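So TrEMBL lists these for the protein:
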| type | residues | note |
| --- | --- | --- |
| DOMAIN | A:69-155 | domain 'GHMP kinase N-terminal' |
| BINDING | A:PRO96, A:LEU97, A:GLY98, A:SER99, A:GLY100, A:LEU101, A:GLY102, A:SER103, A:SER104, A:ALA105, A:ALA106 | ATP binding site |
| DOMAIN | A:217-292 | domain 'GHMP kinase C-terminal' |
Protein chains: 2
Amino acid sequence: MSEFKYKEVRVFAPASVANVSCGFDVMGFALGTPGDEIIVRQNPEGEGVTINKVTGDEGVLPLDADKNTASVAVQALFRSLGFDGGVAIEVHKQMPLGSGLGSSAASAAGAVLAANHLLGNPLARKALLPFAAEAEKAACGTAHYDNVGPSLLGGFVFIRSSEAPDILNLSYPENLHAVVVHPQIEIKTGDTRKILRNDIQLGKAVKQWGNVGGLVAGLMTKDLDLMARSMEDVIIEPIRSVLIPGYDAVKKAALDAGAIGAGIAGSGPSIFALTADRQIAEKVSKRMKAELDGIGLPSDEYISEINTKGSKVIDVKS
Amino acid sequence: MSEFKYKEVRVFAPASVANVSCGFDVMGFALGTPGDEIIVRQNPEGEGVTINKVTGDEGVLPLDADKNTASVAVQALFRSLGFDGGVAIEVHKQMPLGSGLGSSAASAAGAVLAANHLLGNPLARKALLPFAAEAEKAACGTAHYDNVGPSLLGGFVFIRSSEAPDILNLSYPENLHAVVVHPQIEIKTGDTRKILRNDIQLGKAVKQWGNVGGLVAGLMTKDLDLMARSMEDVIIEPIRSVLIPGYDAVKKAALDAGAIGAGIAGSGPSIFALTADRQIAEKVSKRMKAELDGIGLPSDEYISEINTKGSKVIDVKS
């Protein structure tokens, strides 16, 4: 039987970049920054899971516990544990919504980690993934792991299968840095899925899975050149990139400034780049932003190492 | 300027298994046995590349130097080197033709390695790949590397791209063994390509590249369970396997007997299995053969470790 061990747990849950060019629906990595803070606390007044505060979302996110990904994930966890105690959740969004950085996934991952910790960790971290994915399903229609995986586990995550979830952490070059540039326009994930074609050419699929295997091998052998050659998406990027103003120029600027590769973060509109170190990342970030400035599009930039830890308990009250 | 360094070079060129379940057109490995022997010798009587003997082919292979893959590969090498000396080639087939074991690729790989050695190795081994691939193109229409790669380089080969060829050797579990069962029916590669659909579903493609990445990671981390989960082909096998009598039963027998995975070798009709060691390989081989015996189909079996060396010079005459 599960029972409360703490009164309150506060978690940082990082943003993440899904797809990573060629790895549509199968790869993602966690960012050091930005990320959400999620607080889950005992609700002495009763049973059930409630959202009692959301900040940083400009009033966009639902307070209805059956709709917010944080509470949906915790509900799924409690159902699975047969736990009927009450908790109240605060969600402090510290990243842009609808940006392609896995905002809904971060809230789900953070909340489920916090709730599990509140009960003294009855489940291992990896076993929490399906509950966060269930929340993703409620938010966008399908149980994807390419954001909740990195946000919960950290590092570079490979999703061999989402069905009987088979989620791997890949090793990667030590000093690898990520740059994310977020142009201030919003694209809804639902729309970006709808424009994809249901059928693709076998020849292009072979190219893509050649690149997927190449990127996995490049990461694991720390071969930056192989990673660079493999970070090419012949299927999704040509379709989705037309929704992002200035995309081709921003990507070219990143590569010209020394990025290993660059692409659409998740379903966009954020654009990410991977670099060998922080110095290159700073140069790449400036050049990417300059391109967006040039077409009059305001943007935010984030630079960080790959986040090795994923979601992280930052405060506990007994 | 290239010139002859030896009078005669004899090479063993191994058979290979392309595709490896999920890795259609991007993966292959070399077998210890069977394989061809190729002899390339100076032809004092004149210029050009000739085939002067082919054995073990039951008269099927062309003696026309513009059509035999061994001579086509050597012609391509000599053209590239600007070499106009004359050589005569003997091809001793020691593997079944049209079996899915890369027979034409082995002859091309072996011949080009022998010819390069005959000239004192002006090119590195990996630089010979495009000439062997050119011969594959002459034989079956496209420059595939998934048989010539393993046959020439040995080991587990990943073809990130065939266009500007990008060919990697992957590490793999040390004691890994391969079983190949060759039912004595012939399928032409051209026919097996024609029945494939040009368009595939995006969802299936995602499954496939999840498995490709999983198999690459599984090989490199020596994780047999991950390899097993990844050796699933949702695109090609369902179509091609119908051409192979008893396929499903043979595959099931292999898995039941402890194989890590099993699938169609190249375009078939041979069926391969990977196993953790020789003992399991022998059990798997017996069970696979028994299934084919049960439907009255005679077969040959081969068991070997993965061939780490690829094509190999076995005799040199000065």
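Numbers here mean position along the shown chain, with the first residue as 1.
Every residue, even glycine, has its Cβ placed from backbone N, Cα and C.
So that I understand the layout, could you describe where these features sit and how close they are to other parts?
Counting Cβ atoms from all protein chains shown, A:GLY98 (ATP binding site) has 18 others lying within 10 Å of its own Cβ.
Computed over the domain 'GHMP kinase C-terminal' (A:217-292), the whole-number mean pLDDT of the model equals 97.
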Per DSSP, what is the helix/strand/coil residue tally across the domain 'GHMP kinase C-terminal' (A:217-292)?
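Helix (H, G, I), strand (E, B), coil: 43 helix, 9 strand, 24 coil.
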Rank the binding-site residues A:GLY100, A:GLY102, A:SER104, A:ALA106 by how many other Cβ atoms lie within 10 Å of each Cβ and give me the one with the fewest.
A:SER104
Would you mind checking how many other C-beta atoms are within 10 angstroms of the C-beta on A:PRO96 (ATP binding site)?
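I get 21 for this one.
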Please list, for the domain 'GHMP kinase N-terminal' (A:69-155), how many residues fall into helix, strand and coil according to DSSP.
51 helix, 7 strand, 29 coil
Excluding A:PRO96, A:LEU97, A:GLY98, A:SER99, A:GLY100, A:LEU101, A:GLY102, A:SER103, A:SER104, A:ALA105, A:ALA106, please set out which residues of the same chain place their CB within 8 Å of the center of the CB atoms of the ATP site, keeping sequence order.
A:ALA15, A:MET95, A:ASN147, A:GLY266
